[in-house]
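Feature annotations, courtesy of TrEMBL:
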{"type": "DOMAIN", "residues": "27-277", "note": "domain 'Ribophorin II N-terminal'"}
{"type": "DOMAIN", "residues": "280-387", "note": "domain 'Ribophorin II second'"}
{"type": "DOMAIN", "residues": "397-518", "note": "domain 'Ribophorin II third'"}
{"type": "DOMAIN", "residues": "551-651", "note": "domain 'Ribophorin II C-terminal'"}
{"type": "REGION", "residues": "523-542", "note": "region 'Disordered'"}
{"type": "SIGNAL", "residues": "1-21", "note": "signal peptide"}
{"type": "TRANSMEM", "residues": "562-586", "note": "transmembrane segment"}
{"type": "TRANSMEM", "residues": "598-618", "note": "transmembrane segment"}
{"type": "TRANSMEM", "residues": "624-646", "note": "transmembrane segment"}
Amino acid sequence: MARNYVRFLALILAISICSEAAIFRPISDSHRSAALDLFKPIDGSFSSLEETYEALRTFEVLGIGNKLDISASTCRSVVEVLGSSSSNLKDLFYALKNQGILKCAIKEEILKGVSSKLEAAVNGASSLPDFYYSVGGLVLIKDQTPEVNVLLDDAEGVFRSIKALSQSDGRWRYSSNNPESSTYAAGMAFEALAGVISLAPSEIDQSVVATVKNDVVKLFDSIEKYDDGSLYFDEKTVDAHEYQGPIFVTSSVIRGVTAFAAVVSGSLKLPGDNMVSIPLIVSLPATVLSLTQKDQLKVSVSSVLGSDAPPLTVKLVQASSSSSKGASIIENQELKFDGDSSFHVLDALPDSVDIGKYLFTFEVVLYDSENEKVYTTGGKTQVPIFITGFVKIDSPEIAILDSDLGSIETQKKLDLAGENSVALSANHLQKLRLSFQLSTPTGKAFKPLQVIIKLRHESNVEHIFLMGNSGKQFEIILDFLGLVEKFYYLSGRYDIELTVGDSVMENSLLNALGHIELDLPEPPEKAARPPAQPIDPHSRYGPKAEISHIFRAPERRPPKELSLGFLGLTLVPLIGFLVGLLTLGVNLKNFPSSAVPATFAALFHLGIGAVLLLYVLFWLKLDLFTTLKAVGLLGIFLMFVGHRVLSHLASTSS
């Protein structure tokens, strides 16, 4: 999937086959972000050198090469592959591709060894992929390391071996044993043949080269066209070898044709209107211009990747307003080129340009006619432009009118650019009038997309009215007698809010004007009731208000002496108990002497002591429930051991 995307990217960004031009935009940060999301190494590296090269080359083309730090791991893989005697041709090819980008530290002896291996592979190759990877690898070594002497002694023989795999329709076979032909293979063949020519010690037989040129022409006879006029190549059979789709196939053909055309003498005469050209893109840094700030119209012309264009002129062919039924306000005006900013600039907009939406038509003209063979301008480019400005608001006022005579009872001036807090009152026999004037910076009448007045009752019932205009004058008159049913006969306070807005109006406003107290008649028995207002989910499900609890102030404590006296009284029963024991002559004469009964007797007395200790702990720290649980367990224990002791004493007495 990544391979398809990269080659698709390489095709649309580098070159284009054009017969009719579409409107594109240069590469932006969104494209770079998409590339970073698409190519993400796992544990600091990609799965193969091929995928690594596709990522590095894409980042290099998009200008984001420093965003991915895989140089160290990739160079280790490159050195390992180039230094291994068991590496296959494809791995060697992509190792050299990565080396061309990363400039890894590789000894010259290693490259010489790789060169010898690739030369042997060329001489023994029998399939198109073997020719492609071996010849391509030799070309890379020649370009990267001039110190290594790379030549094909039998270049013409290799050229003819590759040519032997061609078909009559311009397509190529992958091998002599495979009768299936492929358009994608044709691109590989052209690129390999270009490499053979560049590695040849002497000139290749021009008659053989001419037959390959003829193959290119034949291949272009099979080119296809989309509905928008874009041309593309595709395989004739869907089960072709490694079929990946038209973008993949087209990129292979264009890469091969451009490489072949760069090394042969003369030009390739493609049929019809087909031509391989670099598209020049007309783009604007801003499509919204402010009359208030006197913004300049700036136009940039570059390649799809954003590189500089050749010397050219940008003409503003026509600018027409969408509100003037196509009437042209600017015609055939040449933009000045600013070398510092690399923009073609229109110094000032004509006085006839007012705020609004316009359609600007640009045309690019190349200075040098030779550049027309390399670049395509795509004809005329239309760009929608918004001209914004400050709209002047005059004579804003609000008034209460008598319904019968129309005389003004109350009238107040408004400041729509500031704050207003008018307070009005009216009954159902009166009217409310709001009026103001709007004009553009050139003094013409202006009609915004939205001019709305809103009345909101204190119960949150809202009523919205659209304001009409006559020229510059905007006015609305609300006759409350005819609106009592719409207002649901709700008397009380209504807040007044005005909205004036448009995409070209720099001072759009949403202002609260004040309020009006309405005195409406009582509703009839069958009058419509106001609709239920939606409940704010935040008020229902949002956080509740914090509950603050104030504890009762503690009671006043008694004096210290009283507390100590009460403590003494509580100890009186304990003292009486001890005195009673002494009076009765309590002793240990009946304590069992045998081992087992003595053990139960000791446990019984320890249990009694534990109960007393539990009472003390209850007094100091334990709560009632914990104490009751402990007493229950100790009670069961005391019943068991006490029963055994009493049984022993009873048997002894008998």
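Just so you know, glycine gets a Cβ as well, placed from its N, Cα and C.
Each residue of the domain 'Ribophorin II second' (280-387) gets a DSSP state, and the totals for helix, strand and coil are 5 helix, 60 strand, 43 coil. Long-range neighbours of the region 'Disordered' (523-542) within the same chain, counting only residues 6 or more positions beyond its ends whose Cβ lies under 8 Å from a Cβ of the stretch, are 457, 459-461, 485, 488-490. Across the region 'Disordered' (523-542), DSSP helix (H, G, I), strand (E, B) and coil residues number 5 helix, 0 strand, 15 coil. Across the range of the domain 'Ribophorin II third' (397-518), the DSSP-based residue counts are 4 helix, 73 strand, 45 coil.
When pLDDT values are averaged over the domain 'Ribophorin II second' (280-387), the model yields 88. Residue counts for the domain 'Ribophorin II C-terminal' (551-651) under DSSP (helix as H, G, I; strand as E, B; rest coil) come to 79 helix, 0 strand, 22 coil.
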